[in-house]
Amino acid sequence: MPKLEQFEIKKYWQIFSGLKPVENKVNHDQVLPILYNSKLDSSILNKIWFLADIDDDDNLDFEEFVICMRLIFDMVNKNIDKVPDELPDWLIPGSKAKLVKERKQRKQIENADIPKVETPKIDWYISPEDKKSYENILSGIQTATDGSYSYSSTTLVLKSKFFNIGTSDFEKTWKLVNPKNFASIDKDPTLYFIHILRQRNDLGCNIPSELPKALLDSFSKERVTYDLNSNQSQVTRSSNVRSNTNMSQHTIEAIRMNEIPRGNPNDAASLEIELNSLDAELNRIRDEITRQEDTILIREQFEGLLSYKEQQYQKSKQSSMSPVKLNAKSISDDLSNIEQQVGVLENYLADKKVELQQLESQIQSVNK
């Protein structure tokens, strides 16, 4: 991790001055737009804030602000893989060295007084009370046409309930309960998905690397889908059929799971198969539309930051007596970049809505 350069400190001073510090300090609300714009997990941002706030007053003076900004930029630019547990010596300002040393000593004393407790393991038993609670959560999750649950629709709801869990924990747990990597999973593995995440959030349990054998066998069973492009199975026919009426008949010798060929368009059964295929495709598009809610949330954050920058720019024009003037060109560039990103998100959402409408029209034409 490269050390601080003079040009960095000047850049951080411009940002710090633009936040209108009071008594040379900024609070969390003032820094919040910068934190949001970094797109880092809240757990990472909380740890960075804790390290930077050396005097523990819930505010950052300029020296502490420099620490906060440098750690954020290093994480965003992937100069470091994770936030350090302790500040490196070169990032500790001389005026704060004593406070950092005292805080480290307090932490050591506190850790010495606390008996070491092993991280609890996941309890695989789901009590009737827990199951009822999980089913209440499931009732608020959008399901596919076959009643299964996708990753995007499930995590969208759970992120508002489990605040101590990062994206990596969601992904690791999903892979655990979905060993076959299906696009969506049934109710039982989804219940265990919630069960594991709840214990991770509330008790700090480690996410296991494997399932108990009984659960693994259950969750690995093939699911029936209506995807005509699936390679799950093949349809074979037998022509050796006897008939008392001397009429030629064909019987299906084996149809395993869901590989069904597209038949004669005039055949009612074939049309039903095509309808099932379109239903499956519609479900996929709806899942993507669900994911747009995350996009809309990001868009709202960008718009909030845009509004903040506009207010900041207007204040800078009016405050000609301010000792430190904001860089108007920099702010203008920021506004332009944010507007472009919002535009891209809007166009992406519009395209997905058009795709959904086209698919619904196809289904309606098949139903006629």
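From the backbone N, Cα and C atoms, a Cβ is placed for every residue, glycine too.
Not measured: the values here are computed from a predicted model.
Look at Swiss-Prot and you will find 8-98 tagged as domain 'EH 1', backed by sequence analysis. Here the domain 'EH 1' (8-98) has, by DSSP, the following mix of helix, strand and coil residues: 56 helix, 7 strand, 28 coil.
The predicted model assigns the domain 'EF-hand' (40-75) a mean pLDDT of 89. Taken from Swiss-Prot, the feature domain 'EF-hand' applies to 40-75.
In sequence order, K25, V26, N27, H28, D53 constitute the residues six or more apart from N59 (Ca(2+) binding site) in its chain with CB-CB distances below 8 Å. Swiss-Prot lists D53, D55, D57, N59, E64 with the feature Ca(2+) binding site, giving sequence analysis as the kind of evidence.
Look at Swiss-Prot and you will find 130-222 tagged as domain 'EH 2'.
Residues annotated as coiled coil in Swiss-Prot, with sequence analysis given as evidence: 266-368.
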Tell me, if you would, which residue among D57, E64 (binding-site residues) has the fewest other CB atoms within 10 Å in the structure shown?
D57
Within the chain of D55 (Ca(2+) binding site), which residues six or more apart in sequence place their C-beta under 8 angstroms from its C-beta?
E64, K96, L99
Please work out the number of neighbouring Cβ atoms within 10 Å of the Cβ of D53 (Ca(2+) binding site), leaving out its own Cβ.
17
